[in-house]
Every structure is written in C-alpha cells, then in structure tokens.
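Peer 1: This is the structure I have questions about; it appears just below.
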Amino acid sequence: MSPRIGVMLSGRYRLHRLIATGGMGQVWEAVDSRLGRRVAVKVLKGEFSSDPEFIERFRAEARTTAMLNHPGIASVHDYGESHMDGEGRTAYLVMELVNGEPLNSVLKRTGRLSLRHALDMLEQTGRALQIAHAAGLVHRDVKPGNILITPTGQVKITDFGIAKAVDAAPVTQTGMVMGTAQYIAPEQALGHDATPASDVYSLGVIGYEVVSGKRPFTGDGALTVAMKHIKEPPPPLPADLPPNVRELIEITLVKNPGMRYPSGGLFAEAVAAVRAGHRPPRPNQTPSSGRASPTTIPSSTQARAAVACGTKTPAPRRSRPSTSGNRPPPARNTFSSGQRALLWAAGMLGALAIIIAVLIVINSYAGNEQHQPPTPTVTDTGTPPATKTLSGFPAAYCEYRVNWTNHKEISNSGLPKQAARAQLAGATDISPVAGQT
C-alpha cells in the first residue's frame with residue numbers, strides 16, 4: 001500500500017506532507033515523535049519493496065550518505081523497514097529536512113543565475129562533492145534537481161541513491177547506465193564505470209546551464225541526448241561571458257575524463273580562481289597512451305586536421321648509423337656544371353612550392369579564425385602549449401572525440417544494447433508535487 005498522511009513508520013516517524021516523488025520513491029515531510037523534530041522521509045515505492053536489488057540499492061544509499069558529514073550534503077539520520085498497514089515491509093530513509101528549493105525550480109523561475117551566484121553555487125557544490133570523492137564515493141547523478149539552495153544561499157546536495165563506492169562491487173548490472181541523460185558524462189552513457197571526473201562533467205553541464213540559461217544538449221529522447229554527450233561538442237557559450245568563465249566550463253566538458261578536473265575539490269579551486277579574476281588552472285591531464293608511429297609526410301587533408309586539433313607534425317626521425325661491418329663508401333655522383341645548375345634550380349622551385357602551400361593553408365585558417373573568439377586551449381602538463389583550436393573549445397576535445405566516436409562499443413544504432421535498455425532518465429529523479437512548495 002502506498003504511504004499516506006498520518007501513517008506511522010516503525011512507531012516513530014509520522015508522515016505529514018508529500019514533498020516530491022521520483023523514480024525510486026516518494027519524499028515526505030514527517031515528524032520524529034521521539035525527538036520532536038521535522039525530518040524528510042524517503043519511502044521506497046511499493047512496486048519496488050519486494051525487489052531485492054532495489055532494497056539493496058536503498059540500503060546502500062543509507063550507508064553511503066551516512067558516511068558523509070558536511071554542511072553541503074543533506075544528512076542521513078536513520079534507515080528502517082516497516083510494515084505499513086499489514087501490507088508487507090516498506091523501506092525508508094530518514095534525512096535532514098532542508099529548508100530550500102531545488103536548483104531546477106530556481107532555473108524555471110529565473111532562466112539563469114547571475115554570474116556571481118552561479119560561480120558561488122558551483123564552488124560550493126564542488127567542495128561538497130569533494131567530501132564524497134575523498135571517501136572513495138561517486139554521486140553519479142549530479143543534476144539541478146539534486147542541488148538544494150537555502151534562503152541564505154547555502155548549497156545542499158541530496159539523493160546519493162545511485163552513488164557507488166569506487167572499490168566496491170556495483171549494485172547495477174555491468175553496462176547498465178545510471179544517471180540522468182541531460183547531465184550524464186560520456187563514459188557513463190557508454191556504460192563505463194563513473195569516476196569523480198564524471199561528477200565534475202555533470203557539474204560542468206550545470207555550470208553551462210546556469211550561466212547561459214540553456215542546456216548544452218537537448219533532443220527528442222534520452223538516448224538522443226546521451227549520444228550528443230558522447231559525440232558532439234557543446235555549442236559555444238554566449239560571447240558576453242568573461243573569457244575565463246567560458247574557459248572553465250569548456251575544460252570541464254571535455255569528453256576525455258582524464259583531461260577534466262579529477263575531483264570536486266580541484267574543480268572548486270578552479271572556480272575560486274575564476275571568481276578572483278584569474279584564468280582557471282589547467283587540470284593535471286592524463287595523456288593518451290600509445291607508441292609513436294613512423295614519420296610520414298602528411299597529406300593536405302591530414303595537415304589541416306592537425307592544425308584544427310592543435311597538434312604539430314612530428315619531426316622526421318634521424319637515420320641510425322649502421323652497426324654492420326665496414327662497407328666501402330658509395331660512389332660519388334659527378335655532375336657537370338650545367339647539371340648542378342639545373343638541380344639547384346629544381347630545389348629552389350620545390351622549396352618555393354612548399355612555402356606557397358604552407359602560406360595558403362595558414363591564410364585560409366586565419367580567415368576562418370577571424371570569426372571565432374580566441375579561447376586558450378588546455379595542454380598536457382609538462383608539454384609545450386598546444387596551438388589555438390579553431391572550434392572555440394580546448395584541443396583536448398578535438399583529440400579525444402575520435403577515440404569516443406570510434407569506441408568499439410558504439411555502433412551505428414547508438415548506445416550499447418544494455419545501456420540503451422537502461423533508464424537514462426535517472427532512477428532517482430525527484431519532481432516536486434504539484435501545488436507543493
């Protein structure tokens with residue numbers, strides 16, 4: 001039987017008002033009869049109460065969130081399983097009742113946040129996530145609906161319902177996607193393990209939305225949106241935003257998780273630098289592994305691709321001296337003075353042709369570049385700075401896009417089969433009840 005007003009759970013928590021409903025359960029305002037305080041009680045939906053997997057996930061949420069103690073994380077007070085009107089056991093989670101409003105509701109009213117409030121919210125959220133990341137936990141469903149804003153501007157992260165300990169066995173099936181499509185990291189959309197960098201990506205999507213008033217990726221369905229996170233670059237942010245703010249969001253939304261800020265704390269430090277008027281620091285990037293291939297002369301198409309991605313053509317390898325026995329030196333070719341003159345002229349013409357071709361390529365890209373705002377690129381730590389990208393986004397995106405779009409698990413039909421069957425809309429979406437505040 002579904003919970004209703006007046007129901008008492010375990011002889012202690014009396015349900016008073018339905019606040020919100022979501023994929024896994026309902027959130028109620030309740031009264032703790034022992035301590036005389038108001039609390040929030042998340043009650044698992046009746047259709048899931050007999051499902052051992054959902055019960056275990058619900059217990060995991062209680063254990064996970066109870067480990068975290070920070071002003072920016074809604075506290076967990078209790079967990080229990082109670083008979084409800086003799087209709088079987090129902091699991092519930094007792095949490096801090098936050099006097100606040102979900103960020104998604106704020107955005108529905110205001111469209112976007114002021115830059116000052118947006119950066120403050122992002123820094124607070126990053127610092128709160130760092131507590132989980134330092135404990136080896138990943139939220140995996142960071143989105144505006146899980147960020148509460150109090151009247152004083154304090155951020156409270158809620159709903160660690162699909163959080164997972166990095167070193168523990170996953171509750172979900174291998175390859176199953178957990179998260180909300182509009183804010184999901186590319187690696188999560190592919191069914192790969194989420195990391196703290198996945199939470200940072202989701203927070204970057206939120207950052208894009210709060211400063212621009214729109215999400216970077218939209219579509220007709222969850223799968224369409226998820227595929228855009230995997231394959232497409234975000235649209236350029238409004239030109240009226242400060243360059244360091246645009247750079248911060250662009251760094252955070254690169255496809256390669258190894259090239260993002262690796263934790264909420266480092267993301268928060270980057271936001272703090274931007275708030276102080278500085279450029280965001282570059283994350284410690286994990287360069288792609290691989291052996292260098294033999295040097296070849298690139299075609300004109302390859303050369304243009306290299307310029308667009310901010311890469312440099314590798315220098316030709318020097319020939320190694322032979323270690324074999326002494327060999328007689330090759331016979332010298334002798335040329336007449338006329339032949340030498342012809343060879344010299346041919347060499348000059350060849351060099352001139354190369355110079356002209358290079359100038360044509362440079363001029364063509366310079367013409368294109370005039371219409372795009374200059375954006376500093378992200379480079380690997382310890383390597384020379386990359387050349388400026390022409391897309392307006394860091395070179396890391398252009399470099400890694402090929403790896404993601406050619407991933408062995410991606411087919412022409414889209415996501416992996418298991419991922420496509422998963423509920424990309426999120427298992428723990430929380431939607432306020434109509435008429436409730």
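Note that Cβ sites are derived from N, Cα and C of the backbone, with glycine treated the same way.
A quick note: this is a predicted structure, and the numbers were derived from the prediction, not measured.
Dumping what Swiss-Prot says about this protein:
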type     : residues                                                             : note
TOPO_DOM : 1-341                                                                : topological domain 'Cytoplasmic'
DOMAIN   : 13-272                                                               : domain 'Protein kinase'
BINDING  : Ile19, Ala20, Thr21, Gly22, Gly23, Met24, Gly25, Gln26, Val27, Lys42 : ATP binding site
ACT_SITE : Asp141                                                               : active site, proton acceptor
REGION   : 277-334                                                              : region 'Disordered'
COMPBIAS : 285-303                                                              : compositional bias 'Polar residues'
TRANSMEM : 342-362                                                              : transmembrane segment
TOPO_DOM : 363-437                                                              : topological domain 'Extracellular'
Peer 1: From the Cα of Asp141 (active site, proton acceptor) across to the Cα of Val27 (ATP binding site), what is the distance in angstrom?
Peer 2: 17
Peer 1: Could you tell me which of these binding-site residues, Ile19, Val27, has the fewest other Cβ atoms within 10 Å of its Cβ?
Peer 2: Ile19
Peer 1: Can you work out the mean pLDDT of the predicted model over the domain 'Protein kinase' (13-272)?
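Peer 2: Mean per-residue confidence for the domain 'Protein kinase' (13-272): 89 out of 100.
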Peer 1: If one measures from the C-alpha of Thr21 (ATP binding site) to the C-alpha of the residue listed as 'active site, proton acceptor', what distance in angstrom results, rounded to a whole number?
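Peer 2: Cα-Cα, rounded: 16 Å.
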Peer 1: Within 10 Å of the Cβ of Thr21 (ATP binding site), how many other Cβ atoms can be counted across all chains shown?
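Peer 2: Counting Cβ neighbours of Thr21 (ATP binding site) within 10 Å gives 17.
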Peer 1: Count the Cβ atoms, other than its own, that fall within 10 Å of the Cβ of the residue listed as 'active site, proton acceptor', considering every protein chain shown.
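Peer 2: Here the count is 25.
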Peer 1: To see if you understand the setup: which same-chain residues, six or more apart in sequence, place their Cβ under 8 Å from that of Gly25 (ATP binding site)?
Peer 2: Lys42, Val43, Leu44, Lys45, Phe48, Phe58
Peer 1: Expressed to the nearest Å, what is the distance separating Ile19 (ATP binding site) and Asp141 (active site, proton acceptor) at their Cα atoms?
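Peer 2: Cα to Cα, Ile19 (ATP binding site) and Asp141 (active site, proton acceptor) are separated by 20 Å.
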